[in-house]
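Reading through the structure tokens given below for one structure.
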Amino acid sequence: MNEWIEGIVALFLLLGSLFALVGALGLYRLPDFFMRLHGPTKATTLGVGGMVIASMIYFGARDQGLSLHELLITLFLFITAPVSAHMLAKAALQQKLRLHEKTRGRPWEQ
Amino acid sequence: MLGYVIPICLAIIGLALALTLARLFKGPDLPDRILALDTLYINAIALLVLFGIWLGSDLYFEAALLIAVMGFVGTVAVAKYLLRGDIIE
Amino acid sequence: MKPSRWLPHPLLSICLLVVWLLLINGFSLGHLLLGALLGWLIPLVTQVFWINPPRIRKPIKLCLFLLHVIWDILLANLQVARLILGPSSRLRPAFVEIPVQLEDELALTMLASVISLTPGTVSADLSDDRKTLLVHTLDVADEEQLVRDIKARYEAPLLEVFACSAT
């Protein structure tokens, strides 16, 4: 396989896995639930996105053709990630989880 | 080149999975644990796609897609159970 | 393309055909026909469950909007990554209430999803009268500026695309 293509694939793989790590790090160290909600739903979506782009380039170059079916994973995750984030946020609001003391504004009563 | 990069990426994602697992055990509340499970399945998808590239096999894509579908349904079902105490009304 | 009794959701049919071809990861006449058949049959059988989709007035504008959103998502990820890696005592989280003008269900869903996918914001709840969206932000200096930004960047294009009755 071409050196250049291998380099690009490696770049996207590293980018994707680093974003997955940042998302997990956010989940681990941010102080309250609503702040933790931000890390994974974003960084992990792009993390998988990077992996998927790398996979598309790799299989496309290997088989000398177009390999687009990995796009389905990204498409599906982009549609579902906000929905599950919304459901979790609603559940957390209803459970009246403790908020970080610096949070401004209050959610309304459920 | 990929022979070096892919094991590094596997290690990074493994670390991410370990951090998520730590949050899953630590809690402190139920939504935190559900969020950790949600992140866990998304990281598993990334791991599977990576593994597919390493082995040069198309098959892992199907497994990744199935995990994406099932993981979403699972998260929504558990979140809804927490919200209403019931999954199907 | 006009929806008719035998083809209730033309757009959905085309999407199903494309998804089928992507799933097969190849192109042949047989699969094109099979995909077209599935795209025709599935909306017909599940007709009862679908809400009436709004008319899309400006498809090109919708595509531009989606590209814009993808670009914003990229920037969002870099920004959130920096916030997560920095000291967490510097974060200024807040709940912000955003008044919305969109009335259509699909357009509202799109707005909420886009907000969830972009810089440090997650849409947490919609008020019962569908007039206010509760948004949690990770780091915000000026709430009013944020409300103005979201309304100008995301709601205005959606209003234009779906041409709902802007009150």
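Glycine residues also receive a Cβ, built from the backbone N, Cα and C atoms like all the rest.
Annotations in TrEMBL come from automatic prediction, not curation.
The annotation transmembrane segment is assigned in TrEMBL to C:7-24 (among others). Remote same-chain residues near the transmembrane segment (C:7-24) are listed as 1, 31-32, 34-36, 38-40, 42-44, 47, 50, 53, 56 (criterion: CB distance under 8 Å, separation of at least six residues from the stretch ends).
According to TrEMBL, the feature transmembrane segment maps to C:30-50 (among others).
Sequence-distant contacts of the transmembrane segment (C:62-85) (same chain, six or more residues past either end, CB-CB distance under 8 Å): 56, 91, 114, 117-120, 138-139, 153-154, 157-158, 161. Feature annotation from TrEMBL assigns transmembrane segment to C:62-85 (among others).
Among residues of the same chain six or more beyond the transmembrane segment (C:30-50), those with a C-beta under 8 A of the stretch's C-beta atoms are 6-9, 12-17, 20-21, 24.
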